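Engineer: Let me begin by handing over the structure; questions about it come next.
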Amino acid sequence: QNLPQSYIELVVVADHRMFMKYNSDLNTIRTRVHEIVNFINEFYRSLNIRVSLTDLEIWSDQDFITVQSSAKNTLHSFGEWRKSVLLNRKRHDNAQLLTAIVLDDYTLGLAYLNSMCHPRNSVGLIQDHSPINLLMGVTMAHELGHNLGMEHDGKDCLRGASLCIMRPGLTPGRSYEFSDASMRYYQKFLDQYKPQCILNKP
């Protein structure tokens with residue numbers, strides 16, 4: 001597939017519960033997020049997408065939105081905050097909120113569909129559900145996938161020996177890839193929405 005070279009300038013925000021969970025150690029959180037983004041880049045290479053961590057913001061004093069166990073409400077608040085505050089402060093294409101709260105209904109992440117480059121909706125919410133960076137990378141790559149137009153694969157989807165990243169639930173495994181269906185969804189998103197913000201070089 002001839003997918004264009006795209007660049008996602010990503011901001012990750014770690015909430016106050018994350019700060020407390022990691023004993024107020026900024027370096028631990030930083031290292032973790034960098035490793036997560038490294039995995040995301042490995043997954044997205046097949047789609048010709050480069051993800052760069054433009055900024056990592058850690059809410060060390062307090063949360064700037066109300067983080068609650070309702071994923072829907074928290075995602076909505078985060079989108080509003082991104083549009084009104086974060087976008088004015090730093091140019092970026094997408095923001096992901098990393099929270100240590102336990103989300104309702106066994107939710108590990110939530111994101112808007114077809115929303116990359118949208119001022120309010122180019123966001124995702126990720127629960128810090130596993131100490132394993134690979135699995136966190138899969139979760140964030142999955143939510144970013146929704147932002148890029150990808151719907152869920154079947155629950156048993158495999159690509160060769162790898163588990164498909166857009167499976168509805170997270171199955172622990174050793175290797176993960178985007179399915180052909182995910183690539184087609186992304187191509188369709190590019191054709192329909194023409195997301196200018198990821199087509200420019202950072």
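Start at 1 and count along the chain as shown; that gives each residue its number.
Just so you know, glycine gets a Cβ as well, placed from its N, Cα and C.
These came from Swiss-Prot, pasted as-is:
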- GLN1: pyrrolidone carboxylic acid (MOD_RES)
- 6-202: domain 'Peptidase M12B' (DOMAIN)
- GLU9, ASP93, CYS197, ASN200: Ca(2+) binding site (BINDING)
- CYS117-CYS197: disulfide bond (DISULFID)
- HIS142, HIS146, HIS152: Zn(2+) binding site (BINDING)
- GLU143: active site (ACT_SITE)
- CYS157-CYS164: disulfide bond (DISULFID)
Engineer: Which one is it, among the recorded positions CYS117, HIS142, HIS146, CYS157, CYS164, that lies nearest to CYS197 (Ca(2+) binding site) by Cα separation?
Structural biologist: CYS117
Engineer: At the Cα level, what's the spacing in Å between ASP93 (Ca(2+) binding site) and HIS146 (Zn(2+) binding site), rounded?
Structural biologist: 14
Engineer: Can you tell me how many other Cβ atoms are located within 10 Å of the Cβ belonging to HIS152 (Zn(2+) binding site)?
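Structural biologist: A count of 17.
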Engineer: Which of the listed recorded positions (GLU9, ASP93, GLU143) has the least company, meaning the fewest other Cβ atoms within 10 Å of its Cβ?
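Structural biologist: Relative to the other recorded positions in GLU9, ASP93, GLU143, GLU9 has the fewest Cβ atoms within 10 Å.
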Engineer: Looking at the binding-site residues HIS142, HIS146, which sits with the largest number of other Cβ atoms within 10 Å of its Cβ?
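Structural biologist: Highest number of other Cβ atoms within 10 Å: HIS142.
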Engineer: Looking only at the domain 'Peptidase M12B' (6-202), report the model's average pLDDT.
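Structural biologist: The predicted confidence over the domain 'Peptidase M12B' (6-202), as a mean pLDDT, is 98.
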Engineer: With every protein chain in view, what's the tally of Cβ atoms within 10 Å of the Cβ of CYS157 (disulfide bond), excluding that atom itself?
Structural biologist: 19
Engineer: Check the Cα-Cα distances from CYS117 (disulfide bond) to the recorded positions HIS142, CYS157, CYS164, ASN200 and tell me which is shortest.
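Structural biologist: Out of the listed candidates, the nearest Cα belongs to ASN200.
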Engineer: If you count other CB atoms within 10 A of each CB, which of CYS117, CYS164, CYS197, ASN200 wins among these recorded positions?
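Structural biologist: For the recorded positions CYS117, CYS164, CYS197, ASN200, the Cβ with the most other Cβ atoms within 10 Å is CYS164.
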Engineer: For the recorded Zn(2+) site formed by HIS142, HIS146, HIS152, which further same-chain residues have Cβ atoms within 8 Å of the site's Cβ center?
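Structural biologist: Filtered neighbour residues, in order: ALA111, GLU143, GLY145, MET150, GLU151, ILE165, MET166, PRO168.
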Engineer: Using C-alpha atoms, which one of the recorded positions GLU9, CYS164, ASN200 comes nearest to HIS152 (Zn(2+) binding site)?
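Structural biologist: If we rank GLU9, CYS164, ASN200 by Cα distance to HIS152 (Zn(2+) binding site), first place goes to CYS164.
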Engineer: Nearest to HIS142 (Zn(2+) binding site) by Cα distance: which of the recorded positions GLU9, CYS157, CYS164, ASN200 is it?
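Structural biologist: Smallest Cα separation from HIS142 (Zn(2+) binding site) among GLU9, CYS157, CYS164, ASN200: CYS164.
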